[in-house]
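As written in Swiss-Prot, here are the features:
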type: DOMAIN; residues: 55-84; note: domain '4Fe-4S ferredoxin-type 1'
type: BINDING; residues: 64, 67, 70, 114; note: [4Fe-4S] cluster 1 binding site
type: BINDING; residues: 74, 104, 107, 110; note: [4Fe-4S] cluster 2 binding site
type: DOMAIN; residues: 95-124; note: domain '4Fe-4S ferredoxin-type 2'
């Protein structure tokens, strides 16, 4: 009879432990009911890129001195810089500058080491095309600034309201490359 009593006691303890585990998991499940959804409806809602996001490269033709530092620091020698030497002023004249984003790894070395700051990273990350040759951007395409996600009224931006409270006017007045 003694082993039977200890068996009932063990069974009762296991039942109480199982009920406690189920209760704890149910409390965790209920704590998630008042949170915002994590997923977004992509084409209609976009998350705001962080300040140091490395998107498409923006190029300012007038600032470039054709020093080719960007080509030397690029791990895959990607930027193509065409220039000619002006003998009367003894300076390089930039003729053509292009980057093929089909091969670019968006490491940001070219932006960081540029002595004249003619290269900068933008928030643009939608570079998909049907033809890979369209990803080869010349100086005209690189010079276009992307439309800011924040300023576009057709797109609803997704902010994590529980962690960051951002004033929309403050975002529009900030001096980012996309708001010039």
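Here the Cβ of each residue, glycine as well, is placed from N, Cα and C on the backbone.
Recorded features from Swiss-Prot, shown on the structure.
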residue: 64; record: [4Fe-4S] cluster 1 binding site; contacts (Cβ under 8 Å, 6+ apart): 94, 97, 116, 118
residue: 67; record: [4Fe-4S] cluster 1 binding site; contacts (Cβ under 8 Å, 6+ apart): 92, 115, 116
residue: 70; record: [4Fe-4S] cluster 1 binding site; contacts (Cβ under 8 Å, 6+ apart): 79, 81, 109, 110, 113, 114, 119
residue: 74; record: [4Fe-4S] cluster 2 binding site; contacts (Cβ under 8 Å, 6+ apart): 107, 109, 110
residue: 104; record: [4Fe-4S] cluster 2 binding site; contacts (Cβ under 8 Å, 6+ apart): 57, 76, 78
Cβ atoms near residue 107 ([4Fe-4S] cluster 2 binding site) (within 10 Å, other residues, all chains): 14
Same-chain residues near the domain '4Fe-4S ferredoxin-type 2' (95-124), Cβ under 8 Å, at least 6 residues beyond its ends: 49, 53-65, 67, 69-70, 73-76, 78-84, 132, 135-139, 142, 145-146, 148-149, 176-178
[4Fe-4S] cluster 2 site shell beyond 74, 104, 107, 110, criterion: Cβ within 8 Å of Cβ centroid: 57, 70, 73, 75, 76, 78, 79, 99, 105, 106, 108, 109
64, 67, 70, 114 excluded, remaining Cβ within 8 Å of their centroid ([4Fe-4S] cluster 1): 65, 66, 68, 69, 81, 110, 115, 116, 118, 119
Protein Cβ atoms within 10 Å of residue 110 ([4Fe-4S] cluster 2 binding site), excluding its own: 22
